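Quick look at what Swiss-Prot annotates:
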type     : residues                                     : note
BINDING  : GLN11, GLU71, THR145, THR179, ASN206, ASN228 : GTP binding site
MOD_RES  : LYS40                                        : N6-acetyllysine
BINDING  : GLU71                                        : Mg(2+) binding site
ACT_SITE : GLU254                                       : active site
REGION   : 429-451                                      : region 'Disordered'
COMPBIAS : 431-451                                      : compositional bias 'Acidic residues'
SITE     : TYR451                                       : site 'Involved in polymerization'
Amino acid sequence: MRECISIHIGQAGIQVGNARWELYCLEHGIQPDGQMPSDKTVGGGDDAFNTFFSETGAGKHVPRAVFLDLEPTVIDEVRTGTYRQLFHPEQLISGKEDAANNFARGHYTIGKEIVDLCLDRIRKLADNCTGLQGFLVFHAVGGXTGSGLGSLLLERLSVDYGKKSKLGFTVYPSPQVSTSVVEPYNSVLSTHSLLEHTDVSVLLDNEAIYDICRRSLDIERPTYTNLNRLVSQVISSLTASLRFDGALNVDVTEFQTNLVPYPRIHFMLSSYAPVISAEKAYHEQLSVAEITNSAFEPASMMAKCDPRHGKYMACCLMYRGDVVPKDVNAAVATIKTKRTIQFVDWCPTGFKCGINYQPPTVVPGGDLAKVQRAVCMISNSTSVAEVFSRIDHKFDLMYAKRAFVHWYVGEGMEEGEFSEAREDLAALEKDYEEVGAESGEGEEGDEGEEY
């Protein structure tokens, strides 16, 4: 079996986790108490959904997941929520005091007290797997638990499970909407370790997803629940082929192979289509070509950056529902002829497609319409550099005056770590610039030295 262990860190990670497991349970017909009436064989471990759920002797399905936070309030919502019986109490780990938006608290002082307990729980989950294929990590880098404890945990996972792939779903700070003053510091420090310790990172940003909810679903004032449900559709589409059978199945390690041209260039954009409200869907059924085009629309991107400003290196299209390979090939051929969608010249094919026959499931009472077919796109584009340069700029403005730095140093960090992380990101921006440049002007020499 190819099991995946999910790790949800900090408030963002946990709330995305809630939406995600709610959706998975609906997709597989698992009740909130973990029972699955449709699953006749008790303890049968060969079903496709066992990649994400383990089955107990009593026929209860338990997510292979750990939720962790440094303060209890958010996890207490899981402990008392609808799905409280789904999780084993040991999977919900909470500390006593907050990381207080401080990377250093999450990474050094408070994080290091809890990290061994987390690794212990993860080890238990891993021992329960027959063929662990990797970890999915959900966190935000603007706060402190997601950034500090998230980085610490990823570093430790690299040591303990060196060869297993790690996929991150990372909420980055948005250009306009800010939740804390020190976001730029936390993000830069955290990205510094994401660069080294994740294999693929999917960037999400709240503002972009707000706009999608407002524009496509006509929700005037989207809540986090609206956002998280949209994000969990994306994550569900990504993992659908691990959980259901289809024509073209895609493994987690396959994302890495197909999307990451150089180890550092692994920050992905994602988009999902069709995002339409129930009222509209009643009147229109979208074809494969239409949803494919809409997945490439800059407005569909779940991070605030414009793919027209960069070039695509690779892109992965995951279709689900009523889709046949012939339609997919036609849609992809059309995309390739469009001048607005440009690929780097050293990657001529650039597309990986997956098809899964399970149509998208929607949460009852949710905002998304039930549709026959949907597509989720994960793409590696040089325009992602915009996200980093925006954060770097804000970092520089604050760091020039050393504003707020004493809070980090007081928690046992050294000032040198700031400049080291910032230099690493400067190098990353440069890497993206070089990758997007036209090849052939003697750049091959430089690249050989760099990687």
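Yeah, the Cβs are placed from backbone N, Cα and C, and that goes for glycine too.
Sequence features annotated in Swiss-Prot and their locations in the structure.
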residue: GLN11; record: GTP binding site; Cβ within 10 Å: 23
residue: GLU71; record: GTP binding site; Cβ within 10 Å: 18
residue: THR145; record: GTP binding site; Cβ within 10 Å: 34
residue: THR179; record: GTP binding site; Cβ within 10 Å: 15
residue: ASN206; record: GTP binding site; Cβ within 10 Å: 24
residue: ASN228; record: GTP binding site; Cβ within 10 Å: 20
residue: GLU254; record: active site; Cβ within 10 Å: 15
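Residue pairs drawn from GLN11, GLU71, THR145, THR179, ASN206, ASN228, the listed GTP binders, are separated by up to 22 Å at the Cα level. Between the CA atoms of GLU254 (active site) and ASN228 (GTP binding site) there is a gap of 25 Å, rounded to the nearest whole number.
In the three-state DSSP scheme, THR145 (GTP binding site) falls into the helix class.
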